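Chemist: After the structure tokens below, expect a handful of questions from me.
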Amino acid sequence: MEGRVSPVGSSHRLLTAAVLFRGPVEPLVFLANFALVLQGPLTTQYIWHRISTELGYNGTRHRENCGNQSADPVLKEVETLTSHWTLYMNVGGFLVGLFWSTLLGAWSDRVGRRPLLVLASLGLLLQAVVSIFVVQLQLHIGFFVLGRALCALLGDFNGLLAASFASVADVSSNHSRTFRMALLEACIGVAGTLASLLGGHWLRAQGYANPFWLALAVLIVMTLYAAFCFGETVKEPKSTRLFTLRHHRSIVQLYVVPAPEKSRMHLALYSLAIFVVVTVHFGAQDILTLYELSTPLCWDSKLIGYGSAAQHLPYLTSLLGLRLLQFCLADTWVAEIGLAFNILGMVVFAFATITPLMFTGYGLLFLSLVTTPVIRAKLSKLVSESEQGALFSAVACVNSLAMLMASGIFNSLYPATLNFMKGFPFLLGAGLLFIPAILIGVLEKVNPHPEFQQFPQNS
């Protein structure tokens, strides 16, 4: 049964034959995140303005009289409904993606990384098309949820990241893997910074539609690159059925089947650590735009663009910081330093009532993203070379669950705490980050130099 060729497997053989050159995976991640970040804040602002119009709120947020709007009940209802629709989008994506991203990730261990990259690219492309229809035709904002679910059905950005990180693990040595993981995350940051700066200015100049069209064009290029230019990193791809429980079993076996070369405790606890880090990261990201739109900050689209750019700069600064700190510190200590700066940034956000203080919080996050590549690299070294896709699909599942928890906690907590402390969700995030800090330290103490699985030393 496992040897039967699926239609997707046939497509995989055609793609293999049509590859133009063996390109790296980093451009895919760059283009995907550029398109996503270009759409993300714009989608939040579009939902805000649509709800404002429906409720009769004029939607203006003049910064000189911003403080006088704090008691406006209509404004609070706009904030609450916008937060809830953001939650619905994330829940829709999670419920569909929980099954598909794990299935496709483990499947890529056998058929190669390219088929998953192509499917995930098509999903992101489809989501952009739905968003354009909503904006151009003034469709109900509930269609954003449909677009998110359709994207998750084909793997979503989490599936693309799973294949990308697995691809890096396929070709990197144990020594270089942490930096290669950070380099991939830096592509996310550079793309996010550029998209944020462009999106804010473009919205002010020409409205919502054109940025979504640019995102669509970028995603078309990305899909073509994945199909015809990406260099396959799995050494011997095999045609394998997609719809089989074997792929999900391979993920479960990572955590429950004993093996002399790996520690199930380290796998589970490092997964918990990255779960908490991602929960706080995406939870804060979910409410930051809403936090900045509302009183007392009342940012316009230009400032929101600058803020979103500053939010993505740590991907690049963390890469540089990681490279420098690795010369004098072990990876574990680098991760702990990153968590410390992340906690400081969250605390500043919680009490930020003026624009300079918000940007101070963004500045303190300059090393906040060194933690995740360290954890990913440690996880990758705990499993065999043939289990990288299963591992990173499991991590993608953890990411999806973390994003759902983030949306559920932060988007529900934010409107509930508007009356006594708007910044309370950021304080909660700062407190949660002590959990991975403790876990990483304890795991290093239990086994200071875990090298459970040695890969061939590829360049």
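Including glycine, each Cβ sits where the backbone N, Cα and C put it.
The following feature annotations were taken from Swiss-Prot:
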MOD_RES   Met1  N-acetylmethionine
MOD_RES   Ser6  phosphoserine
TRANSMEM  26-44  transmembrane segment
TOPO_DOM  45-82  topological domain 'Extracellular'
CARBOHYD  Asn58  N-linked glycosylation site
DISULFID  Cys66-Cys298  disulfide bond
CARBOHYD  Asn68  N-linked glycosylation site
TRANSMEM  83-108  transmembrane segment
TRANSMEM  113-135  transmembrane segment
TOPO_DOM  136-140  topological domain 'Extracellular'
TRANSMEM  141-154  transmembrane segment
BINDING   Asp156, Glu185, His281  H(+) binding site
TRANSMEM  178-203  transmembrane segment
TOPO_DOM  204-208  topological domain 'Extracellular'
TRANSMEM  209-227  transmembrane segment
TRANSMEM  267-289  transmembrane segment
TOPO_DOM  290-302  topological domain 'Extracellular'
TRANSMEM  303-325  transmembrane segment
TRANSMEM  332-351  transmembrane segment
TOPO_DOM  352-355  topological domain 'Extracellular'
TRANSMEM  356-376  transmembrane segment
TRANSMEM  389-414  transmembrane segment
TOPO_DOM  415-422  topological domain 'Extracellular'
TRANSMEM  423-441  transmembrane segment
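A description of the local structural setting of each listed feature is requested, covering burial, neighbours and distances.
Modeler: Taken together, the residues of the topological domain 'Extracellular' (45-82) have an average pLDDT of 74.
Residues near Asn58 (N-linked glycosylation site) in space but far in sequence (CB under 8 A, at least 6 apart, same chain), listed by position: Ser52.
In the three-state DSSP scheme, Cys298 (disulfide bond) falls into the coil class. Around Cys298 (disulfide bond), taking its Cβ as the centre, 19 other Cβ atoms fall within 10 Å, counting all chains.
Beyond the transmembrane segment (113-135), the same-chain residues lying 6 or more positions past its ends with a Cβ under 8 Å from any Cβ of the stretch are 8, 11-12, 15-16, 25, 28, 32, 35-36, 39, 43, 46, 104-105, 107, 141, 143-144, 146-148, 150-157, 159-160, 162-164, 166-167, 170, 208-209, 212-213, 215-216, 219-220, 222-223, 226-227, 230, 232-234, 389.
Residues 209 of the same chain sit 6 or more residues outside the topological domain 'Extracellular' (136-140) yet have a Cβ under 8 Å from a Cβ within it.
Within the chain, the transmembrane segment (141-154) has long-range Cβ neighbours (under 8 A, six or more residues past its boundaries) at 43, 46-47, 50-51, 85, 88-90, 92-97, 100-101, 119-120, 122-124, 126-131, 133-134.
Around Glu185 (H(+) binding site), taking its Cβ as the centre, 24 other Cβ atoms fall within 10 Å, counting all chains.
Proximity of distant same-chain residues to the transmembrane segment (178-203), defined by a Cβ-Cβ separation under 8 Å and at least 6 residues beyond the stretch ends, is recorded for 25-27, 29-38, 41-42, 45, 164-165, 168, 172, 210-211, 214, 301-309, 311-316, 318-319, 322-323, 326, 331, 369-370, 372-374, 376-377, 380.
Sequence-distant contacts of the transmembrane segment (209-227) (same chain, at least 6 residues past either end, Cβ-Cβ under 8 Å): 15, 18, 23, 27-28, 31-32, 34-36, 38-39, 42, 114, 117-118, 121-122, 124-125, 128-129, 131-132, 135-136, 198-199, 202-203.
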Chemist: Give the distance between the Cα atoms of Cys298 (disulfide bond) and His281 (H(+) binding site), rounded to the nearest whole Å.
Modeler: 22
Chemist: Answer yes if the transmembrane segment (332-351) and the transmembrane segment (83-108) have at least three CB pairs under 8 Å among residue pairs 6 or more apart in sequence, and no otherwise.
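Modeler: Counting Cβ pairs under 8 Å, fewer than 3, so no.
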Chemist: Six or more residues beyond either end and a Cβ under 8 Å away: which residues meet both conditions relative to the topological domain 'Extracellular' (415-422)?
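Modeler: Residues 76, 79-80, 83-84, 291, 294, 350.
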Chemist: Tell me, please, if the transmembrane segment (356-376) and the transmembrane segment (267-289) are in contact, taking contact as 3+ Cβ pairs under 8 Å between residues separated by 6 or more positions?
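Modeler: The answer is yes, given that the two segments have at least 3 Cβ pairs within the 8 Å cut-off.
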Chemist: Same-chain residues six or more away whose CB lies under 8 A from the CB of His281 (H(+) binding site)?
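Modeler: Long-range Cβ contacts: Ala406.
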